[in-house]
Amino acid sequence: MSEHHFVFVHGAGHGGWCWYKLANSLRDNGHKATCIDLKGAGINPTDPNTVSSLDDYDEPLYAFLSQLPNDQKVILVSHSVGGGSMTAAMCLFPSKVSLAVYVAAAMVKPGTLIPERLKNVMKICSGLIEEETEKIWDFTFGNGPQNLPTSIMMKPEYVRDKFYNESPMEDYTLATTLLRPAPVMAFIGIMDIPGAPETDKIPRVYVKTGKDHLFEPVLQEVMLALWPPAHTFLLPDSDHSAFFSQPQELYQFLLQAASSLSP
């Protein structure tokens with residue numbers, strides 16, 4: 001069996017900690033696993049309200065990829081809005097990435113305008129339509145109420161249903177002690193990633209989550225239609241957080257995707 005190096009990119013509010021089951025399974029079977037904390041996430045000490053852009057947020061991921069030897073490539077795996085961070089990294093370091101796996105993740109082709117259809121579906125699924133925003137999300141206005149919010153965090157009463165509706169209770173309980181506010185400016189940047197032709201040469205895989213209450217299946221299908229990946233997998237009983245709700249099935253999908261790479 002060939003050894004692969006998987007690098008995991010978390011979504012909003014989460015950190016490298018959310019991938020612990022996948023990292024453990026991969027390491028137990030001879031692979032490498034690196035779980036990145038983006039700036040202001042996980043145990044990264046930065047205040048998320050001070051993160052100024054997507055590139056600022058992604059700096060730990062960029063730093064990791066930049067120090068890889070020229071003859072080494074990794075498999076990037078992202079979750080939720082972490083898909084935008086992964087896409088940005090692919091644009092900057094295409095020679096370091098052998099495969100990109102989007103797990104219920106934002107997948108938008110860089111350098112293209114996001115169609116209104118996708119924007120509208122994204123807003124509806126995430127609860128960011130105007131009448132739902134303050135119901136589901138808490139905002140911090142670090143630069144004053146007259147300016148855009150600096151961070152966003154899901155209200156505790158919605159976390160179970162939106163993130164972990166099919167996940168074990170113990171993982172949900174753990175997550176509620178670790179979730180952090182997420183930087184708004186980073187997510188605005190996801191909508192405007194410059195194009196990079198080399199990115200299209202990186203094979204992409206999408207893992208759909210059938211019982212996802214945040215990135216609902218309709219949103220996933222719209223993204224797949226707009227930028228079709230090489231392969232698609234389905235976890236029919238997974239919530240938004242497949243790393244908790246169906247970790248073994250996701251692990252098998254990762255190995256299957258990795259096996260498609262040339263030796």
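Along the chain as shown, residues are numbered 1 onward.
Backbone N, Cα and C define each Cβ position, glycine as well.
What Swiss-Prot annotates here:
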type	residues	note
ACT_SITE	SER80	active site, acyl-ester intermediate
ACT_SITE	ASP212	active site, charge relay system
ACT_SITE	HIS240	active site, charge relay system
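Within the same chain, residues at least six positions away from HIS240 (active site, charge relay system) with a Cβ under 8 Å of its Cβ are SER80, ALA104, LYS162, PHE163, TYR164, ASN165, THR209, ASP212, HIS213, LEU214, PHE215. The DSSP secondary structure for SER80 (active site, acyl-ester intermediate) is strand. Within 10 Å of the C-beta of SER80 (active site, acyl-ester intermediate) we count 26 further C-beta atoms, all protein chains included.
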